[in-house]
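K.L.:
If you scroll down you'll find the structure; I have some questions about it.
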Amino acid sequence: MLTAGVIAVQGDVAEHAAAIERAAERHGEVCRVETIRSSGTVPDCDLLLLPGGESTTISRLLAEEGIDEEIEAFAAAGKPVLATCAGLIVASSDAKDDRVETLDLLDVSVDRNAFGRQKDSFEAALDVTGLTEPFPAVFIRAPTIDSVDGGVEILASVEDRPVAVRQDNVFGTSFHPELTDDSRLHGLAFFQ
Ligand code: GLN
């Protein structure tokens, strides 16, 4: 039995928990989900999810609770992390916003809200490296990735702007892979 940690200081948690469980089942794994609001649990997890929400708030709460350093150690140990939307912003190495203390899990810089505001939210059928069929990607006040370091693989782009990346054990998406029934991206990040 695997333990999946979903960071739950703020943002969408239940949808990710469901997507992880579905992906685990498809890959013949059994996964127990822990929602994490304080320090002490991250080190016991086998995989970790950093959801979307509001990156300035998530960043502040992670630091206040002392979860930030646990996530850094978790990723440095080579365990799998999926960071989505605001989670990607927090996981980046530069959010160009002093209110976001980045965790430097991915050598990328991001542009917050680069696709516009809430009304500019959109869905796109996205070709993702590693998936055979396009993925239904939901973008909500999404960031773009505007520079990547050599160790970062770009898995998907929209209009030449990277929106899904992988650096070894850490995956980042600027969209919300948990908001449809399609759990292939969670599968790719955690179980393949
Ligand atoms: N725009 C938000 C931020 O900068 C992210 C939005 C999201 O996670 N859907 O934190």
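Cβ atoms are placed via backbone N, Cα and C, with glycine included.
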K.L.:
Return the residue out of Arg26, Arg112, Arg166 that TrEMBL annotates for the same L-glutamine site as Gly53, Glu54, Ser55, Ile140, Arg141.
P.N.:
Arg112
K.L.:
Cβ within 8 angstroms of the Cβ centroid of Gly53, Glu54, Ser55, Arg112, Ile140, Arg141: which residues besides those meet this for the L-glutamine site?
P.N.:
Gly52, Cys85, Ala86, Ile89, Asn113, Ala142, Pro143
K.L.:
Pick out which of the recorded positions Cys85, Ile140 has the most other Cβ atoms within 10 Å of its own Cβ.
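P.N.:
Selected residue: Cys85.
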K.L.:
When you measure from the Cβ of Arg141 (L-glutamine binding site), which residues in the chain that are at least 6 apart have a Cβ under 8 Å away?
P.N.:
Cys85, Asn113, Phe115, Gly116, Arg117, Gln118, Asp120, Ser121
K.L.:
Taking the Cβ of Glu178 (active site, charge relay system) as the centre, how many other Cβ atoms fall within a 10 Å radius?
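P.N.:
A count of 28.
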K.L.:
Name the secondary structure element type, per DSSP in three states, that contains Glu54 (L-glutamine binding site).
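P.N.:
It is coil.
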K.L.:
Which has the fewest other CB atoms in a 10 Å radius around its CB: Arg112, His176, the listed recorded positions?
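P.N.:
Comparing Cβ neighbours within 10 Å for the recorded positions Arg112, His176, Arg112 has the fewest.
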